[in-house]
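Among the features that TrEMBL reports, domain 'tRNAHis guanylyltransferase catalytic' is placed at 6-131, 273-400. Look at TrEMBL and you will find 138-239, 404-506 tagged as domain 'Thg1 C-terminal'.
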Amino acid sequence: MANSKYEYVKLFEADDEVMYPNIIVVRIDGRHFKRFSEVHEFEKPNDERGLKLMNSCACAVLEEYPDIICSYGYSDEYSFVFKLSTKFYQRRASKVMTLIVSYFTSNYTSKWKEFFSQDLCYAPSFRGHTVGCATMEALQAYLAWRQNDCHVNNLFNTCLYTLVKSGKSEEEAQAIIKNADKQEKNELLFQQFGINYKKLPEIFRQGSFVMKGKVEEIVKFSKNGSPVRRSRRKVVVIHSENITSTSFWNSHSTLLEELGSIAKHSGKNTSDFVRSFQSENKLMLSTWIVVRIDGCHFHRFSEVHGFEKPNDVQALNLMNSCAVAVLEEFCDIVFAYGVSDEYSFVLSKDSQMYQRLSSGIVSAIVSTFSSNYVLKWEDFCQQHKLNYPPSFDGRSVCYPSSKILRDYLTWRQVDCHINNQYNTCFWMLVKSGMSKSEAQNFLKGTQTQEKNDLLLHQFGIEYNNLPAMFRLGSSVYSDETKTYNIQQKASIEGCPRKVIVEHCNIIDDNFWKGHTYILNQQGFSDEDI
């Protein structure tokens with residue numbers, strides 16, 4: 001990032017490292033997946049296509065991130081377990097969690113057509129949070145809790161939807177099984193419907209355990225035609241009745257090597273015990289919450305997908321469209337500013353979104369942005385196939401005053417200008433025949449005016465005449481005439497307001513004075529302007 005006097009705002013960023021030797025677990029859950037499954041007509045109580053899609057996404061995550069050793073999932077949730085010694089992104093909880101949520105969401109959207117014939121009606125999204133398991137006993141308790149939850153919920157839902165399919169209403173079915181214990185539910189299924197619960201597919205009853213295991217594969221054939229096998233580490237999906245038993249754990253050397261041995265069942269698998277290890281950062285009241293997301297390895301992503309340098313109009317328009325979708329989804333976001341592969345979303349000072357829990361806010365925004373990026377790709381970049389799903393990381397920062405918030409936004413726009421001016425010069429020099437290292441050396445130490453002179457005299461480019469989107473970035477906010485009443489948002493899905501994108505100077509006070517409804521919505525006073 002460029003240097004400027006506004007960089008002091010970085011001091012408000014908090015360190016959220018998961019301290020060693022805690023085992024990092026990232027758990028993700030579908031957002032509003034009950035509605036999502038109804039809209040997309042999932043089979044009840046279990047849709048095998050949906051579960052296999054979830055498993056495929058989990059496999060993709062393990063293949064992408066070597067530090068993840070195993071994961072467990074059922075329904076619309078998945079938990080990813082990192083190796084004990086991981087230093088993945090310096091063990092920063094928000095970075096680690098958002099990358100997993102983003103990459104999982106991108107894969108869910110891009111893989112959808114492999115499992116479902118109908119198109120996605122809208123972009124799916126997931127929430128995430130980080131659990132720091134202090135001991136192997138805590139990890140064992142966590143995994144046992146999740147698998148027990150799978151069994152309890154699946155048995156209940158199997159009874160519920162079997163009764164519904166037999167003619168009962170959901171209310172009647174719930175009343176019948178409300179106080180029934182495990183044995184009574186099993187008897188209900190068997191005696192009334194001839195269903196032996198234990199013979200239902202394992203993926204429904206036990207969930208799915210995904211891990212990097214050693215698999216024997218044929219690598220070649222000898223001269224006499226016999227196969228030559230080699231042991232290789234490969235991501236596999238396993239269905240086991242008890243993933244925390246010593247026999248299961250000891251039968252997989254990878255788990256022992258990267259996480260350690262597991263003890264006999266301790267019995268401490270209550271939700272309260274496990275939740276005590278969950279990392280939840282509640283953001284300070286009456287402060288502006290800014291969620292900034294950044295593309296992960298987007299330098300490589302832009303090269304693979306042939307983005308125009310220094311700026312690709314279609315790619316920037318895609319980013320802007322995703323930002324619009326985020327504002328349409330979350331009413332508490334009152335303003336957003338984006339440049340290149342990053343976007344900053346400003347939540348109102350009085351926002352109670354997800355009870356101001358950082359993990360919920362950041363993961364929901366990152367996930368919604370990621371799925372929209374994949375879903376909208378063909379609308380903007382149809383000339384290039386999406387070769388692999390993108391990912392974004394995110395963080396939340398609280399700013400205590402309107403002035404500091406203004407300084408934050410100013411910092412990002414100053415950064416936009418400095419970086420864009422440099423990149424414009426750099427890529428013009430490269431296109432003129434210089435190597436990248438020669439262009440870097442040529443520009444080293446040059447000032448703003450020197451770069452402007454270079455562009456004008458050597459390439460005939462007046463920098464200030466370049467598109468405003470390149471020089472000023474993009475500002476996203478609701479239209480004054482169609483602003484939605486934020487107080488009514490709880491009663492409906494999404495946020496039905498008209499969201500617009502402009503490319504303007506947000507450093508200038510006149511921008512805020514000319515958009516007083518935004519200033520009033522954000523709580524700015526005249527002194528702040």
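Every residue, even glycine, has its Cβ placed from backbone N, Cα and C.
Broken down by DSSP into helix, strand and coil, the domain 'tRNAHis guanylyltransferase catalytic' (6-131) contains 58 helix, 29 strand, 39 coil. With helix defined as DSSP H, G or I and strand as E or B, the domain 'Thg1 C-terminal' (138-239) counts 55 helix, 26 strand, 21 coil. Within the model, the domain 'Thg1 C-terminal' (404-506) shows a mean pLDDT value of 87, rounded to a whole number. DSSP assignment over the domain 'Thg1 C-terminal' (404-506) gives 65 helix, 9 strand, 29 coil. Across the range of the domain 'tRNAHis guanylyltransferase catalytic' (273-400), the DSSP-based residue counts are 53 helix, 33 strand, 42 coil.
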